[in-house]
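Asks: The structure is given below, and queries will be raised subsequently.
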Amino acid sequence: MEITKYPKHLAIIMDGNGRWAKKQGLLRIFGHENGARSVRQTLEYCVEHKIPYLTLYAFSTENWNRPADEVKALMDLLVKFLKKEFDDLNKNNVRLNVIGNLDRFPDKTKEVLLNTIEKLKHNTGTTLTLALSYGAREELLTAAKHIANKVSKGDLAVENIDETLFKQHLYTSNLPDVDLLIRTSGECRISNFLLWQIAYAELYFTDVLWPDFTKKDLETALLSYQGRERRFGKISEQLT
Ligand code: FPP
């Protein structure tokens, strides 16, 4: 079947790198390295099919609790990826965006990230958003604090706090809501990812481990998405 309806915003929880490596008798970092290959393929697909927003959960606030050598290896991998892929990202008209709290990131990683964002900012194709040191509860608390601050200073009236205003205080203020959320590796959890933004998203879970995830697996997910009726609380007859 042909895919004719693509999501505007695709988000992915890239899970299973560690298990993939273990299955091959390799260290976990090799799973992440091979996961980077799946990132490239997924992004390429989004570019080819003009999916405007791709958001990837690359490092959660909880991931800081992993062994120090794995955290370091992930930081290094990110830098390596951005340097190696820069020309292709630019050629493919990709914009880069980051959501999360970068304060804890090593200076070098932060510098490369911000530099890459800057150099790609004039592109107009797919926006690749990396969720780094990201946690949805932290994002929501930060938004609530900013809003409360404005109220306490008298700059904002409580009556004017609505969904539009709240959204403007999230890391994702410049992104539309998620249409399709994919999680790989057989886990059926959200794990603190984009809790506000997935309110009406379609969820798709697959047993495929992230380093094995190919364009074909993505097409299977997109076909499932295409077959779903999104009613946003309405009834079928109201949709046409
Ligand atoms: C989850 O698998 C994956 C991560 C915590 C990191 C994701 C990072 C990449 C895919 C590396 C490349 C990313 C970019 C953006 C270049 P896991 O380690 O929790 O797997 P497990 O559940 O099998 O242990």
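Placed from the backbone N, Cα and C atoms, the Cβ positions cover glycine too.
The shown structure was predicted, so the numbers you read here are calculated from the model rather than taken from an experiment.
Annotation comment: TrEMBL describes D15, E202 as Mg(2+) binding site. Annotated active site per TrEMBL: D15, in sequence order. What TrEMBL lists as substrate binding site is 16-20, R28, H32, 60-62, W64, R66, R183, 189-191. Summarising the annotation, TrEMBL assigns active site, proton acceptor to N63.
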Asks: So of all those binding-site residues, H32, T61, W64, R183, I190, which one's Cα sits nearest to D15 (Mg(2+) binding site)?
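Replies: In terms of Cα distance, D15 (Mg(2+) binding site) lies closest to R183.
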Asks: Provide the three-state secondary structure of R183 (substrate binding site) computed with DSSP.
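Replies: For R183 (substrate binding site) - judged by DSSP and reduced to three states - the answer is strand.
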Asks: Would you identify the secondary structure of D15 (Mg(2+) binding site) according to DSSP, in three states?
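Replies: Coil, per DSSP.
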Asks: To the nearest whole angstrom, state the Cα distance for the pair H32 (substrate binding site) and the residue listed as 'active site, proton acceptor'.
Replies: 13
Asks: Report the nearest neighbour of the residue listed as 'active site, proton acceptor' in space among the binding-site residues G18, W20, E202, comparing Cα positions.
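Replies: So, of the listed binding-site residues, the one sitting closest to the residue listed as 'active site, proton acceptor' is G18.
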Asks: Would you identify the secondary structure of W64 (substrate binding site) according to DSSP, in three states?
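Replies: Once the DSSP labels are grouped into three classes, W64 (substrate binding site) ends up as helix.
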Asks: Which recorded positions from the set G18, H32, N63, I190 come near ligand 1, judged by a Cβ under 6 Å from any of its atoms?
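Replies: Going through G18, H32, N63, I190 in sequence order, those close to ligand 1 turn out to be G18, H32, N63.
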Asks: Around H32 (substrate binding site), how many other CB atoms lie within 10 A of its CB?
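Replies: By my count, 24.
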